[in-house]
Each structure stands twice: as C-alpha cells, then as structure tokens.
Amino acid sequence: MARIIETSTGLDALTFDDVLLQPGHSEVMPGQTNIATRIAQDIELNVPILSAAMDTVTESRLAIAMAQAGGMGVIHRNLTPVQQAEEVRQVKKFESGMVVNPVTIGPDATLAEALSLDEGPRHFRASPVVEKSHRLVGILTNRDVRFASDPEQKIYELMTRENLVTVKDGVQQHEAKRLLHTHRIEKXLVVDADSRFVGLITVKDIEKSQLNPHASKDAQGRLRAAAAISVGDDGYERAERLIDAGVDLLVVDTAHGHSQRVLDAVTRVKKLSNSVRIMAGNVATYDGTRALIDAGADAVKVGIGPGSICTTRIVAGVGVPQLAAIMSAVQAAQDQNIPIIADGGIKFSGDLAKAIAAGASAAMIGSLLAGTDESPGEVYLYQGRSFKAYRGMGSVGAMARGSADRYFQAEVRDTLKLVPEGIEGXVPYKGPVSGVLHQLAGGLKAAMGYVGGADLKDFQERATFVRISGAGLRESHAHDVTITPRKARIIPAQAADR
C-alpha cells in the first residue's frame, strides 16, 4: 500500500511558489556578484542557464546565442542523427579561436579540384596547401586562381609559397591580431613546431570574441554546444556522430531517468569518449540521483512534470514538486560534487534564484526562451499579438516527430494510440534571447544582493527559505493596479542623483 513519505522540505513537498528567500545582511551589490557556475567536470558557464532540448526551443541558432551570452544550448533530438550533428557543427564553427581542420588541398591537386571546393574562381577565397605529412607548403588565394585557365594545372605551380604569415600553435589572441593587422591579411596560418599545419586564425573570429567576452567556449576557443540523445542503439549511434561533430556535453534525455535502460545507456555512452561529459535525467528523488551518478553521469537533470507544457503529473499521477526534488537531488550529489540541473518550472527570474539557492548549479529553461527570435519557428499574429509555437516533447506532435522514445513509447506506430504527457500551444513573442537572459541573470544577481552572496556558492550557503501562504503569494505579485506599458526613457544623471 502506498504511504506518504517525508521529502527534503518535510511532509509537504514544496515548489517555487511555496517559498520566498529571506533577505539578510549584505555587503554585496548586485553588480558585484559573480554568477559563473560549473555544470560538469570541466565545463563552466558564465550564466547558469541552459536552453531546453525541445524542438520549439533549441537548434543551432539559439545554441549560438546562448553560448555567446555565457550559457549553453542543448540541441533537441527530433532530428536525424546527421541533421543533429550538423547543428552541433554550426555552433562549433560559428566563433572559433582557431578554425581546426579547415578545408585544405594538396600541392599535386589540379585547379579544377581546388575550384570544386568553392563556387568557381569568382567565389574562391583561400585554401592552405598541405602535403600528406601535414607540412604546410603554401596557400592558394583568389589572386592565384583568378586568371588561371587550365583546369589541369597543378596547385604547386599556382600557389603562393613565399612570405607566408604563420603563427605557432598556442599563440595569444592579441599577438595574432597584431600580425594580421601588420600584414593586412584576414587569415593567419597556424603551424606546430615541425611546420605542420594545425589550423587558421581569422579576423572575423577575433572580432566576434571581443563582442562576446563572457561567451562559453572550449579549450580551442569554440562556442560550447550540448545535444540530447535517447537510450538504446539509436542513442549510442547518435552519440558517436555528435562526438565526431565536436559536442561538449551529451544529455541522455528521458522522462524517467531512474530506469534501468537509462542507467545502462549512461554507462555505455560514457565509454565512448574521455573528453565529452554526460548529463542524464530526468529524476526527482535522492535514489534516482544516486543511481545516475553511480552509472557515470557527470551531471544530473532534475524535474518530473514541472514544465508549463508537461502533463505527466496529471496523466500519470507521478512527480515531485520542483523545489523538493532539487533539494533531494542536491543532498544525494553533494558528497561527490556532481552538479544538479533544475529542469522546468522556471516562470520568473525569482524562480531561477530559488532553484540556485536550493543547490542547483544551473537551470534548464524552455518556455521563457521559446518565443525569442532565435528559437525555431515563425512569428504569427493572433488577436493582434505576436506569438511563436511552443510544445512539450511529450505532446502528440513532438512524439510523432520522434520523441516518443523519451516516454518509452517508441514501439507505438499509430499516433492515435500514443499517450501524450504534454501539450501544444503558443507563447508571446519576446524578441532577441539576449534580452531574456539579461533579465533572468539580473533577477538572480538581485537575489544575491539581498541575501549577501558574492558568488553562487556563497549565495547557497547564506540562503534561507520562508514558507508563504496563498495570500503571501498573491501579495508577492503585482496587485490592485492596472499595469500599463510604458516606454523606457533615459534619466539624466543629475535627476537620478536627486
């Protein structure tokens, strides 16, 4: 017979709306706080936010914007393995400290072969000329091929080989920038100590990195990217392709992470690579968290049914209110220092602050990011307002497209026989994702200022919750007033001082 058990928040399992953070003595201003976090062994983010692996939230465009802002995007798996791997490649090559493994050509190749790399002589840009031993012998530029007419002419007869501007592998960005400026070129060739070609440093990538100083990047200066996989052979094969594409974090993404199939998948995928980290979920209990950690997970994703478009708790009657789930997972993971990711239920920046205060290293967010410019889908008008589509991965539409195995219904071929655990809907259009992330991060920093935490660890140690009533929740929101929109205006410094 079922029994009522006690959770980390007592007999009453609590969620974000049940509590508030208590203010305390503070010597910290919000602008002085540090919200950097670690979401896996060697993956740090400057903003503790990941975008959800949902087909109306995260593809390469949003993942790029997330990484540039200091967060991370998890590319959904309602794509073929080839398509998903290509989405990861788009992120990894968008902003590189160094372009690794660029297209090269051998000195014995022909002009025709070189032009086939691009769209003919008018569009040909440049290609390093590299021997089979990887030794750099020249560069073939647009000037070299512009007036060449013999398609069988060898590259070594056309290429530029004198006065090549090269830099050593590991060169500092400021030194590379100085060389590019001195020689008035847009690409510098990177070689190792034995003059073997390693990669390219470009002006565009240097400019991008200066525009986004807090971007999440790997050791090679490329934007960070994560991708979701399933369990079984499909998940394993997908993981192999994603690793080849350069993914930083694989997310074993299921509705019930405390399942033997998921535990086996984590253990199996973990053996594929020593450099790629594994996040697994979703769970909502102490035991579920421990099981995933024992299976080899580098981070654990927490949340059964808290999302705005998730109906698992209604359809199956299963779940744990999110705050209690986070605290239970943190308790299970703290002795091994495994990060906990709070997935779902974030409606306001204050909810993000509460999730972090409860011990989460970061939060995964879907609905707040779904209506942005960078999310998949088109903006449409409804009753005079702009919206974008948003649906749960447990909705009929998403399950029919490929996510049925997330809910262990992969064998169901007739969509009428699917048992959905999510809905399809729309969210208001929000503009660029950078604005949404700014508000979320700003709310978190404000909470840290109220509590007195200079960084996330300090914030978590100082934070205390107070339970509130329904009346307290109503009092917390704007009330007894009609909210009117007003355009922002800049207040002169003298007026602000008064």
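Please read every residue number as a count from 1 along the shown chain.
Note that Cβ sites are derived from N, Cα and C of the backbone, with glycine treated the same way.
According to Swiss-Prot, the protein has these features:
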DOMAIN    98-155  domain 'CBS 1'
DOMAIN    159-216  domain 'CBS 2'
BINDING   Asp253, Gly303, Ile304, Gly305  NAD(+) binding site
BINDING   Gly305, Gly307, Cys310, Glu475, Ser476, His477  K(+) binding site
BINDING   Ser308, Asp343, Gly344, Gly345, Gly366, Ser367, Tyr390, Arg391, Gly392, Met393, Gly394, Glu421  IMP binding site
ACT_SITE  Cys310  active site, thioimidate intermediate
ACT_SITE  Arg406  active site, proton acceptor
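Annotated features, which come from Swiss-Prot, shown on the structure.
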residue : record            : DSSP (3 states)
Gly307  : K(+) binding site : coil
Gly366  : IMP binding site  : coil
Tyr390  : IMP binding site  : strand
Glu475  : K(+) binding site : helix
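Of all the binding-site residues listed (Ser308, Cys310), Cys310 sits in the most crowded Cβ setting, with the most other Cβ atoms within 10 Å. For Gly305 (NAD(+) binding site), the binding-site residues whose C-alpha atoms fall inside a 10 Å radius of its own C-alpha are Gly344, out of Gly344, Tyr390, Glu475, Ser476, His477. Closest in space to Glu475 (K(+) binding site), of the binding-site residues given as Ile304, Gly344, Gly366, Tyr390, is Gly344, taking the CA atom of each residue. The shortest Cα-Cα distance from Gly344 (IMP binding site) to any of the binding-site residues (Asp253, Gly307, Cys310, His477) is found for Gly307.
Of all Cβ atoms in the protein chains displayed, 24 besides its own lie within 10 Å of the Cβ of Tyr390 (IMP binding site). In three-state terms derived from DSSP, Asp253 (NAD(+) binding site) belongs to an extended strand segment.
In terms of Cα distance, the binding-site residues that sit within 10 Å of Cys310 (K(+) binding site) are Gly392, Gly394, chosen from Asp253, Gly366, Tyr390, Gly392, Gly394. Among the residues the record lists as binding IMP, namely Ser308, Asp343, Gly344, Gly345, Gly366, Ser367, Tyr390, Arg391, Gly392, Met393, Gly394, Glu421, the two farthest apart have Cα atoms separated by 16 Å.
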